[in-house]
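Shown next, in structure tokens, is the structure this report addresses.
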Amino acid sequence: MTTEATALAYKVADITLAEWGRKEIEIAEKEMPGLMATRRKYAGQKPLKGARITGSLHMTIQTAVLIETLVDLGAEVRWASCNIFSTQDHAAAAIAAAGIPVFAWKGESLDEYWWCTRQILEFEDGKGPNLIVDDGGDATLMIHLGYKIENNPELLEKVPGNAEEKALYQQLREVYSEDTQRWHKVAAEMKGVSEETTTGVHRLYQMMEKGELLFPAINVNDSVTKSKFDNLYGCRESLADGIKRATDVMIAGKVVVVLGYGDVGKGCAHSMRTYGARVIVTEIDPICALQASMEGFEVTTMEDAVGEGNIFVTTTGNKDVITLEHMKQMRDEAIVCNIGHFDNEIQVEQLNSFAGATKLNIKPQVDKYTFESGNSIYLLAEGRLVNLGCATGHPSFVMSNSFTNQTLAQIELWTKEYSIDVYRLPKELDEEVARLHLGQLGVKLTTLSKEQADYLGIPVEGPYKPDHYRY
């Protein structure tokens, strides 16, 4: 059941959860020094005054701290989650109770999800956003696809390829029936988007290469203080949290197959090994495969690993990396989950439509599929993000890194004029984000002397590494 206020001020699961949410937000603020320092730094300046920000990013306690930071800096904000299972209902309630429009609840249908995304793109007096905080690119996609449809209405006749596409097109049909130039007007006022995750960044670069990108974008994901912290250290803790909350399984002694060894895969593989699992990695990239092997992981193909694994984790950002055929070949009681952004890494639709499997829901976000052979598998979070679907996502401290980058990116886009392209935050800001988090960990930095800095050919105060340095 959802609760709706007049004029669509919010739609959340239960507004009475707001007090609980507020208590957890206050705890999270103590663990998010970067965001709180950014609030203090810009308190008198209000650098986002006049900005209308659409946020499509997991509606968690940590995100609530980001939202209130953007509001503190002067922005008008509307928010929805970027995943049907990732909302923490008490966090959404707290934000709604604070008077910030939010449209999010845990367990949305796909139709509800795209309805929520539409709501956050509709401000008062018919206006749209002029900035977007995106995670996975769905808010950006809705504008771009709507824009294409206005140029070629025949696209509305397209037969949807899947249930998600069907839900998205239904919303776009309704918008087009109300205003045939809605998305052109929205795009004309957009100053830019800052994108949180690898999948969304891929979408942006693809649009840029095709000449379809309508406004500037900042790739927050590839800031060092995001990708090397959130993706790596965040997953290192939250993957195990999701698996254990969902299944209570003992990880020690199990065989865990991690598909992909990018930053997310690295965090997952090291996490599972720390728990005592034997970890097998699959990879397409020879560099990542060599890294995994040099770290002591067995690297092989899914075809070779499928009969060995007790737990399978997809981390690739690609589609169909675990197929229906793979799942049919898995050991009895294997656990299958995904920590990449979208659910198409695992062939969930094919599994659900397969007549040779019987589905039994064990509890929310845990489903057992029994095949004709008698073997069963457990699918977590319906193939969506296991750490957010079955747990509460990354810890506050590491999200402070990511969200400080997001805040700085929004300030950059709002206060400066960027041409249409995909950018990264400058190295100085990356280092500043890191610096803001050192004090809480008791870190003391060594300071270069002028002579040492001159010897290295860098400023005393940094930046200390060239842009091509990989960390």
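Cβ coordinates are placed from backbone N, Cα and C, and glycine is handled just like the others.
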Please identify which of GLU31, GLU164, GLU165, GLU196 is recorded by Swiss-Prot as part of the substrate site containing THR60, ASP135, LYS226, ASP230.
GLU196
Have a look at the binding-site residues THR197, GLY262, VAL264, HIS341 and say which one has the shortest Cα distance to ASP135 (substrate binding site).
THR197
For the binding-site residues LYS226, HIS341, which one has its C-beta crowded by the most other C-beta atoms within 10 angstroms?
LYS226
Of the residues named as substrate binders, THR60, ASP135, GLU196, LYS226, ASP230, how far apart in Å are the Cα atoms of the most distant pair?
17
Closest of GLY260, GLY262, ILE339, HIS341 to GLU196 (substrate binding site), Cα positions, binding-site residues only:
HIS341
Among all protein chains shown, how many Cβ atoms are found within 10 Å of the Cβ of GLU196 (substrate binding site), not counting that one?
27
Take the C-alpha atoms of THR199 (NAD(+) binding site) and THR60 (substrate binding site) and report the distance between them in angstrom, rounded.
20
List the Cα distance (Å, whole number) between ASP230 (substrate binding site) and VAL264 (NAD(+) binding site).
9
